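What follows is a set of notes on a single structure, which appears directly below.
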């Protein structure tokens, strides 16, 4: 993407204000107070900018001068675009600035200096240096290199396919898919975006395709970026084998016809390679419903992968998922698309990745471990984004199973208004609070005897005041009005927290020793710290020597940060001899995935210790919601005092 500086914008404003009227170079030089040579160089930059951003043409006529040939609608849009760029660049957040920088570098075929980037974004060179480092590290995920050439500047090097992948996943930099989508669309005219949207909808309707909203948006952005890259003479390149395989599919004919309808709108020709590339994205797109075609679920590896996944998660969770047909159907549909994407070398974004890792850390990391085995067994590369989606499938199955077979809290209802009102209240509670099992509806006079006989009662819900009751209780009206529903929800939450408080010792305290605690560490990189902690576990006889290298490999597959400055690196349980936990705090927070981490628990936990593992992850989840407590731990300098904080 071509940068234009403030002076060049002023020249372009002049051209826009005098459409179809010739202006001589001297006019520009006088207006912006520079030499004619500088103006001629600026006009070349402006011409490149216009070629990329619009259909406008810069016309030069010897003896007459220069004029801008542009449609009225486009002139208005371009004026607004220049105005918006000028003011919004001063107001961008750090992450948004990084998005702009990454996009500009990927779209710019020419080198650009860090000084120019800093000037464009109105920040100092040191801020830009940090941004460029983050962008450089992110580009490595796509086998792209940010090369710095002396006296020329910075340029992204790598093949076009990887650049397209990076552009499609650019939202990873700021973890805001909606903002990124609007950002890319803003680079095009409204009618261009609308026309592509209409054509993709038409394609869906005509061929009964049921893309998810996420896939639809992805296809729209891929198509728009394809147009821009073709205009920049940056076409995609595919292997003859890939071309031949895709061109046989009916989806190729659909895509080719769709692109032909777009050609007159954008005044370009789509090469066959581009039609094949877009077809790959259609084939790899996620659908809301299974496609009823002969090609559906045709992948021979699919049943093996689904079977392996369900078997291992069932074993590790000690829950039988084989009878949940909703789960099996969902996994078949989802993993069929995943395998398609992998075979076509397509990447996928998951805007919920970090939220899922924080909400369901135990299940997510369990599935990552299972996928590591699946990837090795079937020579696949299923990424963490897919692990997060699979986590949701299994979490839904767990909630279905718990809803039908187990409950969290046993309750008794005390109602003073007879059986009819008691049953109404019972029905309301059971319908609205699935975590409550109402064991009985009784009179106040019978309550004490009932509690003596049923010591496992967790709470009493009463319509009248109660005295001398040892079990937690709450008073509500028989009709359980909306305000009381909130009150009851808060009461149930407090019960959970008080249960947590009764556990006076963290499970992790039972699985560590002072010799495995390292406070105020200074580490250059998270991999170095992982190796240090794994080595400590090995030297104490808890793990095999290979645990360290496999923990780093596992970290590369998916960063183990879980929020609130906490990370939980670990490796496959087959390298563990005895369950143990090594702990480190950091003098300075360390970059860890998409956040900075100060507290690290290296988990070496055998799968056989199921009860302990569940309790451990419950504690970690609790810790991630207690920033003040985490800060207290990370500031501690004495090992024994640190451990005493975990015994309360």
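Glycine residues also receive a Cβ, built from the backbone N, Cα and C atoms like all the rest.
Summarising the annotation, Swiss-Prot assigns domain 'PRD 1' to 187-292 and lists sequence analysis as the type of evidence. Residue counts for the domain 'PRD 1' (187-292) under DSSP, split into helix (H, G, I), strand (E, B) and coil, are 73 helix, 2 strand, 31 coil.
Residues or ranges marked as phosphohistidine in Swiss-Prot (evidence: sequence analysis): 222 (among others). Sequence-distant neighbours of residue 222 (phosphohistidine): residues of the same chain at least 6 apart with a C-beta under 8 Å from its C-beta are 164, 168, 278, 281.
If you look up Swiss-Prot, you'll see 281 (among others) marked as phosphohistidine.
For 297-404, the entry in Swiss-Prot reads domain 'PRD 2', with the evidence type sequence analysis. Note on the domain 'PRD 2' (297-404): DSSP counts are 81 helix, 0 strand, 27 coil.
Residue 334 (phosphohistidine) has a Cβ environment of 18 other Cβ atoms inside 10 Å. Annotation source Swiss-Prot lists phosphohistidine at 334 (among others).
Around residue 393 (phosphohistidine), the same-chain residues six or more apart in sequence whose CB sits under 8 Å from its CB are 327, 330, 331, 334, listed in sequence order. Positions annotated as phosphohistidine by Swiss-Prot, on the basis of a curator's inference: 393 (among others).
Annotated domain 'PTS EIIB type-2' per Swiss-Prot: 409-500, in sequence order, evidence recorded as sequence analysis. Taking DSSP states H, G and I as helix and E and B as strand, the domain 'PTS EIIB type-2' (409-500) has 44 helix, 20 strand, 28 coil.
Among the features that Swiss-Prot reports, phosphocysteine is placed at 415.
Confidence over the domain 'PTS EIIA type-2' (510-648), given as mean pLDDT on the 0 to 100 scale, stands at 88. Taken from Swiss-Prot, the feature domain 'PTS EIIA type-2' covers 510-648, and the record attributes it to sequence analysis.
What Swiss-Prot records for 570 (among others) is phosphohistidine, and it gives a curator's inference as the kind of evidence. Annotation note: residue 570 (phosphohistidine) sits in a strand segment as assigned by DSSP. Around residue 570 (phosphohistidine), the C-beta neighbours below 8 angstroms that are at least 6 residues distant in the chain are 365, 551, 554, 560, 602, 603, 604, 605.
Residue counts for the domain 'PTS EIIA type-2' (510-648) under DSSP, helix first, then strand, then coil, are 64 helix, 37 strand, 38 coil. The Cβ neighbour count for residue 281 (phosphohistidine), using a 10 Å radius and every protein chain shown, is 20.
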